[in-house]
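Q: Structure in structure tokens, see below.
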């Protein structure tokens, strides 16, 4: 009992001073917005280690495969996809693996934190280093394509309204029924491709990485045992993250929170005016800087000349609850969101004391008008801070931007788009809210290596006079996607939880119906005309079996077609027009329809 | 490392699937990870809803029918669940047709069979006029009149119905689709 107490005392005297120093240093630096560049060094070191790990995995895989192809029966030689590819590639791989296995022995005393050792290891033999770099470039290319997916998608269902490029010109078919059956095959293909790989569900899962980053979540391919060196590295990394980083970060986090709550309480006492605004501005920056350090957030801001200064709406793509924190490191925003309970609620109430934010009750969220009204009031008041909105309304895994809800674009305020892209190699910032609690999420962030984020401020945008809110939202979304290197998707992020609304299916049906109507099936028309007659002819009346067999002069010339497109005549009429054209040109049909 | 190692496929299983289908190891592993992510409840098999949770499939006017054909082909015994083996086997029907012809699953006939099963609602190996109307209706919704629908259905059946029994058998179906490039239209380009 006494021994234990003694040990504890000893431990605390040894452990507390360095911890306290680090924490103090962090907070002082955060207060003045300075950085010693330590985080940068830390990140660079990590990149080196990850690259080494990736090479280890590749080498081991190659050796395993080689063994299996040697021992397997000859037929498998043709199955192995990698064997038949260019020989240069495998040569390069062989050299690397040989050289690496030659290096196995001295690396016994390898140490994770010894960066110079890494350099020595890869810098010592120049040939090895150069080969390694060549291979890593190639492997990066290869794994990029592999992260792209399982299949190459060829058929897809489109959501947008651009019908013109979709629908083929009038096509003459034997009968619409069989044309529909043939088209149904396209639907089948689209459906099956969606089963194998789709645009939406994958956006709500952690992004798959090409190389293992010693964290568990981001790649399911790397769970299996590779070799003991990597395992050792992982264990050291684990100890480092949980026993050193986590306590430090947690301490800083708590201090940040306390600072936030107490400073806002004090500012709340100051009468409103420019002094309060100024105080709030600097206090918030300090708070957020401290909090961001608790996650080892390294944020790179680009194009700061476009930073929002006064009233206006800042819209950004949404990945996680810490988005707001990351952005607030550089600028102070008013926030909008649902009222929360617990820790988040405490923070929300604290923030509201110092400046005005919009928090609404869950019940009010349905009442869009109330929220829009509040938003409008906020935006027209020049004294208020720019408001930060995530119009996607849900967290997406930072590979794409999904549909922007139109609410914030209806108001007519100036929009300041912000693109955010996290570097998921060091820790995935995406919050899968359906699987993880908020606290669990923060814990995971604190045990990750680091949070790296690039933030681009984009030139302010305003709604064009003839543009509706949806189009404007799409335009803003597109700019953000382009800047952040994200995929621009039409899909609603709300599908994360909800089922596809029947309206969307109805729209697809309408689109197909339009297409079906364009199939100007001569025989169908004629049958309608001749309902009373007893002419039953299995062959199409035109006498031609398929489109290819039609003589050239049957096809409509382009001028007519353009006309019909321009004056937007209803489809039935178009068909009639076309069949009139037919009558003139094709003697058989002309004769039969006049009969 | 980590408890997820149980999620990995065993080597023997991969070998077996490789011999059944034309997929290579990499493709199988990737398909398996897709299978796992579709299986949200972690049951080890897929149910109809797991498929229809994919929004892109759910907006497909034939999405429901496709899933149905998927299940019909995979197991005739009406069991509404699909394991990975069955999942891959169905997908193998959609591999492009290659010269080496080792695969027995992806012939033109196999591909057509999938489409046929999709139309054959009551699974009696015939497509009737009513069945066709149901499918066409789900493709176009309320956008054409029932009169038009009837006419189109009549003609469609009539045209392919060689033995004049008012319904279309699989053979008749194949003959009617003769001119269609099924090899191209029903092949999915799997990456290596």
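Note: Cβ is positioned from N, Cα and C throughout, glycine not excepted.
According to TrEMBL, the protein carries these features:
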DOMAIN    B:107-142  domain 'EF-hand'
DOMAIN    B:148-183  domain 'EF-hand'
Q: What is the average pLDDT across the domain 'EF-hand' (B:107-142)?
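A: 88, rounded to a whole number.
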Q: In the domain 'EF-hand' (B:148-183), how many residues does DSSP assign to helix, to strand and to coil?
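A: The counts are 22 helix, 3 strand, 11 coil.
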Q: Please count the residues of the domain 'EF-hand' (B:107-142) that DSSP assigns to helix (H, G, I), strand (E, B) and coil.
A: 26 helix, 3 strand, 7 coil
